[in-house]
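Input: a single structure, listed below in structure tokens.
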Amino acid sequence: MAACCAVSILCCVFILFLFLSELTGFIATEIVNELYVDDPDKDSGGKIEVSLNISLPNLHCDLVGLDIQDEMGRHEVGHIENSMKIPLNQGDGCRFEGEFSINKVPGNFHVSTHSATAQPQSPDMTHTIHKLAFGEKLQVQKVQGAFNALGGADKMSSNPLASHDYILKIVPTVYEDLSGRQRFSYQYTVANKEYVAYSHTGRIIPAIWFRYDLSPITVKYTERRQPLYRFITTICAIVGGTFTVAGIIDSCIFTASEAWKKIQIGKMS
């Protein structure tokens, strides 16, 4: 009798444990990712929003400017819309923050002194990149993508007269939640080099170049939750299977107990 009670208690504890495990899995969402070839954000008008935040501690704000150009013929020198310059180091340095759009074609944007009224002889292009992001910001804990791959890049120990080339491959990214709402953003990979450039007239004025191209591959993240029917089926299987096994164990214990009793009676007689 005590053995049967012990089996029943163990079965209930086991069922409770498995039930809680399945319930946790049912409540939680999983992120499934897939790759496909397409432009997911066709309503963007062929534009990508860019957010740039960079500090140049040894270059005066009057000299700092943003230039944008691409293969569609765009060539803009000294972009100022939605941007601001914050003096650093008692005015000797500058922090540039800007938001602008680029076309979905290969091109570049660069921080330079090209828009300054008077070009300095030896501009110091050492810098720190705080942020470079494309598209809408995604704040999803389970998605660890390269949405700000250059964030924290420190080139303060570089040659002050060197140009910096950041080669970016922009990857369209889609995030779809449980309600089916989609958000569009962009990840990117980066390679970089620094160099001092010369021409037949002498040294070329350095700049910080961000050369970009778009990947034809789109990454899609989709939130999914286990269907209710599967959860119910699993719980029924757990309960039924546990009680079936418990019945077999109880039967074995009962048979062994009866056999032991017969052996004891045989010894007494």
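From the backbone N, Cα and C atoms, a Cβ is placed for every residue, glycine too.
Feature annotation from TrEMBL assigns domain 'Endoplasmic reticulum vesicle transporter N-terminal' to 6-76. In the predicted model, the domain 'Endoplasmic reticulum vesicle transporter N-terminal' (6-76) has a mean pLDDT of 84.
Annotated domain 'Endoplasmic reticulum vesicle transporter C-terminal' per TrEMBL: 85-250, in sequence order.
Residues or ranges marked as signal peptide in TrEMBL: 1-25.
Nonlocal intrachain contacts for the signal peptide (1-25), taken as residues 6+ away from its ends with a CB within less than 8 angstroms of a stretch CB, comprise 226, 231, 234-235, 238-239, 242-243, 245-246, 249-250, 253-254, 257. For the domain 'Endoplasmic reticulum vesicle transporter N-terminal' (6-76), residue counts in helix, strand and coil come to 25 helix, 26 strand, 20 coil, using DSSP.
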